[in-house]
Amino acid sequence: MVCGKEMASLPCINDAYLLMEDERILSFGPMSSLPKTIEADVVIDATGKMVLPAFCDSHTHLVYAGSREQEFIDKINGLSYEEIARRGGGILNSARRLHDTTEDELYEEALARVNEIISMGTGAAEIKSGYGLTTEDELKMLRVIKRLRETTPLTIRATFLGAHAVPAEYKGRQSAYVDLIVNEMIPAVGKEGLANFVDSFCDKGFFTCEETERIIEAAAAYGMRPKIHANELALSGGIQVGVKHNALSVDHLEFTGDEEIEALAGSGTMPTLLPGAAFFLGMNYPPARKMIDSGLPVALASDYNPGSSPSGNMKFILSLATIKMKMTPEEAINAATINSAYAMGISDTHGSICVGKRANVLITKEIPSLYFLPYAYTSNLIDSVILGGRVVCRSK
Ligand SMILES: N=CN[C@@H](CCC(=O)O)C(=O)O
Ligand SMILES: [Zn+2]
């Protein structure tokens, strides 16, 4: 991971070569040092373009059924995210739709989103369950995620998020639902080996710190490390719970004060910011500048989901990070690549151009400078995407 001041540094080689073999990066450097004896099967001329590590998107909910644009209109008409949730909309709305969708249909919908994010330069993503809310439907989501991992070139990590919302049948009996998560869902997910990580929406109106701790402890028995939704709606204590349990990341963090920054300092827990959600919901952005200036690392992710961020465009996330959170383009790119890889536990193999790492890179169209990427915030500037050393997408 890169922290604090280091985040402003993004090493760059002008007029460079990059060699890939067997899915990995074999070597790179200035053109003047390219060995004369190399005979490549495929040569791509990137003159005038830039080659960057493919984006790593460490927080998505991209397996979902249908969409929720009616709630988008409700929000325009004045309802808040929490009010919509209290009326049985929001996550519960998506859970009902998912229940009525077959596993095959769900896979096809999610596959279209995976192909979409690959075309926008993403090479690795974390995908959460959490629209099932019954053992059977949570397993359905996680099996779809497994199938996406097996059938697409995207590197995928799976997170079990049974504690995303309390289902309607458990209204007023939240602790009984947490019992179900701990005693039935986690063992079922663990036995099938379907999730790398465990998550809980630890926030006002959703799950408490105590409930989150019970869930984290139960999942630890199956080797699932926590990645926690924290402090989106209030100073929930979720950041401290995550740090206490050595979470790989705590995510959202719109409500972060000095105590939370202190708790994160020196921990192995990556603060992960999701400015797409603050943008879409019209809420406050997390204090990224203060975090970085205090020496913390920061990761960026899209939060691609139907309710609070219906977009997986990581280039737009760079624009929001720079325009709305005052991160520099260099900081934002580090946050969306190597630090986001860390937040998925894959920074040894993904997130930067290093010899031996997986050959996941994006090639931009011809652009005047790196700064043009976040600046031209709606232009499609991705020319090609190479994952595992193979061109998987090329713009027309
Ligand atoms: N905050 C909780 N979960 C999602 C939203 C899910 C939804 O509204 O469907 C998020 O990260 O923003
Ligand atoms: Zn989320």
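Backbone N, Cα and C define each Cβ position, glycine as well.
Note that TrEMBL annotation is computational and uncurated.
What TrEMBL lists as Zn(2+) binding site is H59, H61, H229, D303. Reduced to three states, the DSSP call for H229 (Zn(2+) binding site) is strand.
Residues or ranges marked as Fe(3+) binding site by TrEMBL: H59, H61, H229, D303. For H229 (Zn(2+) binding site), the same-chain residues that are 6 or more apart in sequence and have a Cβ closer than 8 Å to its Cβ are L161, D199, S200, F201, C202, D203, F206, G238, D251, H252.
All protein chains considered, the CB of R68 (4-imidazolone-5-propanoate binding site) has 21 other CB atoms within 10 Å. According to TrEMBL, the 4-imidazolone-5-propanoate binding site annotation covers R68, Y131, H164, E232, S308.
Within the same chain, residues at least six positions away from N305 (N-formimidoyl-L-glutamate binding site) with a Cβ under 8 Å of its Cβ are T60, H61, L62, Y64. As annotated by TrEMBL, N-formimidoyl-L-glutamate binding site applies to Y131, N305, G307.
The domain 'Amidohydrolase-related' annotation in TrEMBL covers 50-392.
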Lowest local Cβ density (other Cβ within 10 Å) among binding-site residues: E232, D303: E232
Distance-selected binding-site residues near ligand 1 (C-beta under 6 Å), from H59, R68, Y131, H229, N305: H229, N305
Rounded Cα-Cα span from G307 (N-formimidoyl-L-glutamate binding site) to Y131 (4-imidazolone-5-propanoate binding site), Å: 11
Distance, H164 (4-imidazolone-5-propanoate binding site) to H59 (Zn(2+) binding site) (CA atoms, angstrom): 14
Binding-site residues close to ligand 2 - of Y131, E232, D303, S308, only those whose C-beta is under 6 Å away: D303
H61 (Zn(2+) binding site), number of other Cβ atoms within 10 Å: 26
